[in-house]
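Chemist: Before anything else, here's the structure in question.
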Amino acid sequence: MAFPTSYFFFLMTLISGSIISISSTSWFGAWIGLELNLMSFIPLIAFKMNPLFSEAALKYFLIQALGSVLFISSSFLLKSFYSFSLLSIFLALLLKLGGAPFHFWFPQVMEGLKWPQIFLLSTIQKLAPLTLISYLMNNEILIKITIFSAILSALIGSLGGLNLTLLRKIIAFSSINHLSWMLMAISISDSSWLFYFFIYSLIVLSITSVFHKLQTFSLSMLIQSDQNSTLHATIISLNFLSLSGLPPMTGFIPKWIVIQVMLNLNMFIPLFFLLVSALITLYFYLRIIITMILMFNPILNFNMKYKSLTDSPSSLFFKSSFNFFGLLLPVYFTFI
């Protein structure tokens, strides 16, 4: 699907807004960057006259506007009510991120988006708020609240994805679950969350690009679109395994780093909740993968209408090749 020229213009201003927020030396400058980011993303959502896109854009605008009002009003009160203002700024950023307990809007907005916009909402739109939250991690109270929010996001992101067949909602709850790992990494280290965010962005890019090419939005559409290609189903399955963080896929590497840091800091209880949530997300990914594998059995395959591939296997493998870098981990341990 070809995008209009204005799409790329708003994409550049969206990235510029994130850069302004990250590099700003004041909360007011960070707010300006967040607003530029917001007003650039709205046209990207509603670039077509469609009721679903318009509804998603309206929901996103209202939630982000509420977070922006709370953010700027709290920044004005920093000198008078320092601790309360910092807490309000943190909650406003958490609302913009879609982290628990302010996650309610995230799956609903994702439901009305196309796959390119889902990639932007899951990755680039989180960069500026996560960076601003990392600036607040010199306050002990906010660190404890961040850990609590991370645990809650892990549980909600994993349990919310159970028994779902809509791929966009599954990716939404998966994003909430991965946000918990990034929040935990922010609370304990300034560098590990950036690495986690980078790896997660590349994995989401690979899986959303495949779904965009296939134009699949549900489990049934995914199965019916590719019954005649074992290679294609294998690539999609490995994408899901990498997204779940199953070793030795690439998605396991940033989780491994966070786990190691948490063990060194004796954070066993938060780590327990994160690992349990990771197992639950692995379960509903495996449910999708096993269903796809079973459909290749000629006895179980009742649908005789085959849909041709919309992309060549080599191109799909190139888009997903990053997920296989984790397979080189044994080579690393051989030479150290």
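Going from the start of the chain as shown, residues are counted 1 onward.
Placed from the backbone N, Cα and C atoms, the Cβ positions cover glycine too.
Pulled these features from TrEMBL for this protein:
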- 24-78: domain 'NADH:quinone oxidoreductase/Mrp antiporter transmembrane' (DOMAIN)
- 83-281: domain 'NADH:quinone oxidoreductase/Mrp antiporter transmembrane' (DOMAIN)
- 7-24: transmembrane segment (TRANSMEM)
- 59-78: transmembrane segment (TRANSMEM)
- 84-106: transmembrane segment (TRANSMEM)
- 142-163: transmembrane segment (TRANSMEM)
- 194-211: transmembrane segment (TRANSMEM)
- 231-249: transmembrane segment (TRANSMEM)
- 269-296: transmembrane segment (TRANSMEM)
- 316-335: transmembrane segment (TRANSMEM)
Chemist: Give me the DSSP three-state residue breakdown of the domain 'NADH:quinone oxidoreductase/Mrp antiporter transmembrane' (24-78), ordered helix, strand, coil.
Modeler: 45 helix, 0 strand, 10 coil
Chemist: Could you give the residue numbers and ranges of same-chain residues that sit at least 6 residues beyond the transmembrane segment (59-78) on either side and whose C-beta is under 8 angstroms from one of its C-beta atoms?
Modeler: 27-28, 31, 34-35, 38, 41-42, 45, 84-86, 88-89, 91-93, 95-96, 105, 108-109, 112
Chemist: State the residues, same chain only, that lie 6 or more residues beyond the ends of the transmembrane segment (194-211) and have a CB under 8 A from a CB inside it; answer 'none' if no residue qualifies.
Modeler: 115-116, 118-119, 122-124, 126-127, 130, 167, 171, 175, 178, 181-182, 185, 217, 222, 235-236, 239-240, 242-243, 250-251, 253-255, 257-258, 311, 316, 319-320, 322-323
Chemist: Tell me whether the transmembrane segment (84-106) sits in contact with the transmembrane segment (7-24), defined here as at least 3 Cβ pairs under 8 Å among residues 6 or more apart in sequence.
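Modeler: Between the transmembrane segment (84-106) and the transmembrane segment (7-24), contact is absent.
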Chemist: Cβ under 8 Å to the transmembrane segment (7-24), counting only same-chain residues 6 or more beyond its ends: which ones?
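Modeler: Distant contacts of the transmembrane segment (7-24): 30, 32-38, 40-41, 43-44, 47, 120, 124, 127-128, 131-132.
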